[in-house]
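A.B. asks: Below are the features listed in TrEMBL for this protein:
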| type | residues | note |
| --- | --- | --- |
| COMPBIAS | 377-392 | compositional bias 'Basic and acidic residues' |
| REGION | 365-392 | region 'Disordered' |
| TRANSMEM | 20-40 | transmembrane segment |
| TRANSMEM | 61-83 | transmembrane segment |
| TRANSMEM | 89-107 | transmembrane segment |
| TRANSMEM | 119-138 | transmembrane segment |
| TRANSMEM | 158-180 | transmembrane segment |
| TRANSMEM | 187-206 | transmembrane segment |
| TRANSMEM | 226-245 | transmembrane segment |
| TRANSMEM | 257-280 | transmembrane segment |
| TRANSMEM | 286-306 | transmembrane segment |
Amino acid sequence: NSLDQFWLNGSTYCSQEDNLIGTLLAIFGNLLVSISLSIQKYSHVTLAGTKDPRAFYRTKTWWSGFVFTCLGEAANFVSYAFAPLALVAPLNAVSVLTSSILGFIFLREKSKPKDFAKNYGLTFLGYILTIGGTYLFVSFGPNSHEKLQAENIVKHLVGWPVLLYLLLEIITFCLLLYFYKQRSANYLIIILLMVSLLGSVTVITVKAVSGMLVLTVEGNMQLNYPIFHVLFVCMVASVVFQARFLSQACKLHDSSLIASVNYILSTFFAVVAGAVFYLEFNNEDVLHICMFVLGTAFCFLGVFLITKSRKSTKTFEPYVTMDMTNGVPVIHDKGLVVQPDFNGSFSYGALVNNDGVAPATVPVTLEQPPVGSRSTDASHDQPDLKKDLKKD
């Protein structure tokens, strides 16, 4: 339909209906991902609570969550073909919002009524800011974007703004990688900056690959162009290295802080990549751009408040003593006596939780001399001590 597209500088642009489809797909995909993660977490919690010997991947609950994850990620992938990066990338806040709400409802993370406002007041403020910010940047975001044929993608790649952007990004990434590897700078901001720089490459390639696949399904073959295969390889490589750096960050830093900072940095670089590579803000006026920035800022603050209010897990600081009466090793945690679980996997001494390793046997039979004999020995020792003192 000629009303569904218009032509500018020889390029085909998507209509507002396509933007709506892409936005709804992104929201739907993020909702499915949040539900799937909660279902899988519920599966793990259920197995741990019932002492079920089965592995988590042998349960129907975990596999249903995995199916929802695949469907959600597929919807997110397709949404890049219909909507601009500036609309799709900030919608990851929907996933954070939904996960937090499901934490109250589905996973029964509750507290006493008198402590509810104190513990979760900032969380609900984050909900309001996230919902309001989402409405603002969706309403005032870019209204049109280019349908990505292979020829148009090549034209973007050889343009000097894109080449300059990629050059600066490569130099910055190499510097961060040098400090991270050679200087052992394991700071959260350095790791997440590398993740975000890789993420900007990911969203650029995902949008191009998704757009060419959709055009191919519509009948305009794009898979026989070499640029499709090049971008597909870049997309897979950037995703793999992103996951690697994120896993390293999770080992070193708090997951709640990672979630908020990673969302802010990734969204920022994704929006910049869309503005530079796909020229998504070229036809927008100043008012729309300012309202879009305000909406994303509200989402940034909202996600930060939601993740900040999560309860931090208390670190387990055990020490081992021996009950000399019964000869039983006891684990203490800040004054609370905790008997070792017979099914647990603490390795005695190091107290490292090695899953799948049988606990070492600890000898519990301790021979103690009778009280009477000890007192008798003491009485015999006292005269000898007096004799030694007289000699001195």
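A Cβ is built for glycine as well, from the same backbone N, Cα and C atoms used for every other residue.
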A.B. asks: What same-chain residues lie close to the transmembrane segment (20-40): Cβ under 8 Å, and 6 or more beyond its ends?
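C.D. replies: Contacts with the transmembrane segment (20-40): 56, 61-62, 64-69, 71-76, 78-84, 87-88, 91-92, 94-95, 98-99, 102-103, 106-107, 138.
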A.B. asks: Counting Cβ pairs closer than 8 Å, which of 61-83, 119-138, 158-180, 257-280, 286-306 has the most of them with the transmembrane segment (89-107)?
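C.D. replies: Comparing 61-83, 119-138, 158-180, 257-280, 286-306 against the transmembrane segment (89-107), the winner is 119-138.
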A.B. asks: Against which stretches of its own chain does the transmembrane segment (257-280) lie, if we need a Cβ under 8 Å and a gap of at least six residues from its ends?
C.D. replies: 84-86, 89-90, 92-93, 96, 142, 145-146, 148, 156, 161-162, 165, 188-189, 192-193, 195-197, 199-201, 203-204, 207, 246, 249-250, 296, 299-300, 303-304, 306-308
A.B. asks: Please figure out which one of 61-83, 119-138, 158-180, 226-245 racks up the most CB pairs under 8 Å against the transmembrane segment (286-306).
C.D. replies: 119-138
A.B. asks: Using Cβ atoms and a strict cutoff of less than 8 Å, what residues sit near the transmembrane segment (61-83) while being 6 or more residues removed from its termini?
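C.D. replies: Residues 14, 18-19, 21-23, 25-26, 28-33, 35-40, 42-44, 46, 145, 148, 203, 206-207, 210-211, 213-214 contact the transmembrane segment (61-83) from elsewhere in the chain.
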